[in-house]
Amino acid sequence: MRILGIETSCDETGVAIYDEEKGLIANQLYTQIALHADYGGVVPELASRDHIRKTAPLIQAALQQAGLEAKDIDGIAYTCGPGLVGALLVGSTIARSLAYAWNIKAIGVHHMEGHLLAPMLENNPPKFPFVALLVSGGHTQLVRVNAVGQYELLGESIDDAAGEAFDKTAKLLGLDYPGGSVLSRLAEQGNPERFFFPRPMTDRPGLDFSFSGLKTFAANTINQAIKQEGELTEQTKADIAYAFQQAVVDTLAIKCRRALKETGFKRLVIAGGVSANKQLRQSLADMMKQLKGEVFYPQPQFCTDNGAMIAYVGFLRLKQGEYSPLEIDVKPRWAMTELKAI
């Protein structure tokens with residue numbers, strides 16, 4: 001079985017082909033960073049229009065990369081939600097149209113289930129059950145994963161997601177777009193001793209997160225530094241970036257440790273765009289070593305949005321006989337706990 005996967009939930013157009021026997025045989029990705037850079041964030045209308053321009057050429061490129069023709073594809077998976085409604089509609093419409101034309105089944109895939117199962121594409125995939133930390137620009141969640149489709153939400157952010165807090169703090173520091181990754185690189189030059197940021201909601205029980213207060217703390221620290229220095233020096237920016245990043249990483253690690261203790265599990269999966277963060281990976285790897293457990297994460301190219309994870313999840317569900325009706329439908333808001341177990 002060969003599945004074509006299409007990802008258009010936000011500002012990346014991803015197309016991939018997953019083969020049941022060979023694994024991932026094609027992966028194409030176009031990022032819209034340059035398109036949105038002047039605006040300092042994703043403009044939904046521009047994102048949708050760019051998906052319209054890029055999706056079909058990427059499908060052709062993926063088929064060519066795999067050495068396949070349309071007749072060789074057995075099913076199509078597309079991101080149905082959550083995400084930007086216009087962007088989702090582009091991928092959904094193209095996927096449904098191709099499925100109808102090629103007389104094959106199509107299935108709408110949950111974007112975050114794609115991220116959660118992305119580590120399954122690696123040579124050493126995690127075994128069930130495990131705790132998953134899904135951390136991106138739109139989500140920060142801790143999930144108990146018993147099997148594919150058997151998900152229990154343990155905790156989530158009650159306001160800003162971790163990735164969103166990274167981007168907003170980077171903007172306050174005057175860093176280039178996309179700010180989160182720029183802030184992380186800058187933090188490597190920071191002085192660990194100069195600033196200390198709070199670890200929000202770690203002084204109380206529970207597994208929920210809150211990062212909006214951390215962003216406010218960063219803004220106040222920046223304003224104070226400007227009063228003292230006149231304008232922020234590059235070193236001060238790096239010092240603030242370090243303190244902010246360390247606060248986020250420590251907070252995520254503390255909550256992960258609690259979730260592992262609560263479930264009794266020894267396996268931790270980290271996925272989503274922020275899972276590419278080097279400091280987060282190192283911190284959680286050190287923690288799991290102390291706990292005599294295992295940590296898993298996708299390779300960097302599969303941390304951000306991509307078609308490979310959608311193709312893989314689509315394969316799992318289509319193989320079990322699950323498919324979506326012909327009507328074009330998207331779910332901008334969609335809880336992962338609503339998914340069927342397979």
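Cβ atoms are placed via backbone N, Cα and C, with glycine included.
Predicted, not measured: the structure shown is a model, and the values here were computed from it.
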Recorded Fe cation site member, picked from ASP286, ASP305, that accompanies HIS111, HIS115 in Swiss-Prot: ASP305
Among ASN220, ASN223, ASN277 - the residue Swiss-Prot places in the same substrate site as LEU134, VAL135, SER136, GLY137, GLY138, ASP167, GLY180: ASN277
Cβ neighbour count within 10 Å of SER136 (substrate binding site): 24
Other C-beta atoms that fall within 10 angstroms of the C-beta of ASN277 (substrate binding site): 26
Binding-site residues compared (HIS111, HIS115) - the one with the fewest other Cβ atoms within 10 Å: HIS111
Residue with minimal Cβ packing [other Cβ atoms within 10 Å] among the binding-site residues ASP167, ASP305: ASP167
Integer Å distance between the CA atoms belonging to ASP305 (Fe cation binding site) and SER136 (substrate binding site): 10
Candidate with sparsest Cβ neighbourhood (10 Å radius) among GLY137, GLY138, GLY180, the listed binding-site residues: GLY138
